[in-house]
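Notes for the one structure printed next.
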């Protein structure tokens with residue numbers, strides 16, 4: 001029953017990190033972004049049921065503090081359940097004939113991180129707009145206008161149409177951009193929680209080196225699904241954009257992992273990786289596109305499997 005006590009504690013901490021966002025300060029925003037981490041830590045270190053307890057307790061605490069059932073639902077759907085689900089998948093394993101455990105591959109886990117991020121972003125939009133897609137669009141356009149006004153100079157009258165087109169583009173791409181960033185954060189949170197639990201010697205599975213990260217070929221269905229969904233209006237179309245953005249980040253992370261693996265043992269590896277990250281920071285979109293294409297090619301053709309490295313793409317079945 002130890003998982004209940006740890007779950008209660010983690011739920012209260014996560015709820016506290018969530019409600020501090022009302023302070024509207026940079027520190028409060030950072031703390032709010034870390035709200036899933038306590039749920040991940042207890043789910044990985046004290047059984048996934050501890051994460052469910054944390055989600056329930058956190059939602060109840062927020063309902064009491066804010067007197068808002070919608071806020072409690074938002075915590076459960078946006079913070080608690082995604083963290084619990086990813087930790088649950090991370091701890092799936094099956095015994096092998098040699099008597100060891102075969103754990104759920106981190107590549108498959110990354111694909112689920114992207115899928116979870118996409119679904120969470122759309123769920124956030126539905127909850128925040130009370131299911132009204134026009135209200136969701138209005139909020140997306142408002143954010144896009146603020147972004148354009150912040151980073152672009154006020155246009156001349158002749159370029160007003162270009163400004164409006166830019167705002168419309170950003171508003172349409174809001175689900176993709178949000179899912180792109182949230183996938184990165186979720187992946188980082190999962191890695192951070194696994195490291196913390198591993199240091200405390202409570203992580204049941206060995207955490208593989210990140211350069212070995214490689215998604216299964218089934219992840220290639222995600223861009224196809226995204227293309228189909230964006231043909232629809234409403235939240236279904238928004239889900240398509242979110243899937244596209246989420247898996248763009250996932251393939252980018254795989255591209256980075258592939259470069260990390262291919263440079264292992266190479267002279268000047270530190271300079272190569274440092275230069276890569278400097279270019280990534282300076283060029284942003286250009287390098288993201290290049291890395292995501294590299295990650296996509298690695299998934300399609302199994303570049304690392306063909307030219308070095310050994311891994312299995314077969315995910316294990318859930319253990320009991």
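Glycine is no exception: its Cβ is also placed from the backbone N, Cα and C atoms.
Checked against TrEMBL, the range among 28-52, 103-127 recorded as transmembrane segment is 103-127. Stretch with the most C-beta contacts under 8 angstroms to the transmembrane segment (176-194), considering only 103-127, 214-232, 238-259, 271-297: 238-259.
Within its own chain, the transmembrane segment (214-232) is flanked in space by residues 105, 107-108, 110-111, 114-115, 239-241, 243-244, 246-247, 250-251, 254, 257-258, 295-296, 298-300, 304-305, 311, 313, 315, which lie at least six positions past its ends and keep a Cβ under 8 Å from the stretch. Sequence-distant contacts of the transmembrane segment (103-127) (same chain, six or more residues past either end, CB-CB distance under 8 Å): 70, 73-74, 77-78, 82, 85-86, 89-93, 136, 175, 178-179, 182-183, 186-187, 190, 205-208, 210, 212-216, 218-219, 222, 235, 238-239, 242-243, 245-247, 249-250, 253-254, 311-313, 315-316.
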